[in-house]
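Features as listed in TrEMBL:
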TRANSMEM  36-58  transmembrane segment
TRANSMEM  70-89  transmembrane segment
TRANSMEM  109-126  transmembrane segment
TRANSMEM  133-155  transmembrane segment
TRANSMEM  161-180  transmembrane segment
TRANSMEM  192-208  transmembrane segment
TRANSMEM  220-238  transmembrane segment
Amino acid sequence: MLVREEEREKHGGKPVKYHGKWPFHRAYGFQEPVSVALSALNLAIQFHGWVSFFILIYYKLPLTPSKKTYYEYTGLWHIYGILSMNLWFWSAVFHSRDVELTEKLDCSSAVALLGFSLILAVLRAFSMRDEAARVMVSAPIIAFVTTHILYLNFFNLDYGLNMKVCVAMGVAQLLIWAVWASATRHPSRFKLWVAVIGGGLAMLLEIYDFPPYQGYVDAHALWHATTIPLTYLWWSFAKDDAEFRTSSLLKKAK
């Protein structure tokens, strides 16, 4: 592919994709070294955010007499953290070596995280605490996400369709968070606004693709870079929300 691209450049041709993917220069055996490094950084930031959330919830904030958290969304954030770390692990593996198995694992992990993030957005924005209501919201989204993942893995790994599904779920949850941020009096709504606007701008890098600069940095790699500060900010909001809800519930109990 690189030889072909050199020939095209000599004759004034523009870069093209091969089987839907740009050609990259390898480094130390890594197929897309910049994306691998940024995926690893995202994994580290996700792990730091999840661990700091765990410590805050169970060791710094008060617990109920039964040793459970007052914060009603603790379990949801734990699942979110695990799915996020799973995504960035497989992202690093996929960008290291692009084969059918690693691509399917990367795509499936991304769809699973986006689907659950949408569930989290709906449940938190609408303050759903009743288990029956949570199931009614989660069940159709889980069914859709599961069906889509099965379709990608066992019928057709359609990259274009998968991009449309991921963008649709991403836009939906950004809109939900944006509406909630504009309506709520949450003390950390400013962080939420920054995360929503930043997430929306970062999504443009996934939609408006461009060839890799010097054979290393493409739009997808830059998207990986933007998610690092946004992830840190997102976990900061989650911790603020836990403190805010715990404080509110304790005041009501008194």
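Using N, Cα and C of the backbone, Cβ positions are placed for all residues, glycine too.
In this chain, the transmembrane segment (36-58) lies in contact with the transmembrane segment (220-238); the count of Cβ pairs under 8 Å, excluding pairs fewer than 6 apart in sequence, is at least 3. Here the transmembrane segment (161-180) sits apart from the transmembrane segment (36-58); fewer than 3 CB pairs are under 8 Å, leaving out pairs fewer than 6 apart in sequence. Under 8 Å from some Cβ of the transmembrane segment (109-126) lie the Cβ atoms of residues 73, 76-77, 79-80, 83-84, 86-87, 90-91, 134, 137-138, 141-142, 144-145, 148-149, 152, 162, 165-166, 169-170, 172-173, 176-177, 179-180, 241, all in the same chain and six or more residues away from its ends. Non-local neighbours of the transmembrane segment (36-58) in the same chain are 30, 69, 71, 74, 77-78, 81-82, 84-85, 88-89, 91-92, 95-96, 221, 224-225, 227-228, 231-232, 234-236, 238-239, 242-243; each lies 6+ residues outside the stretch with a CB under 8 Å from one of its CB atoms.
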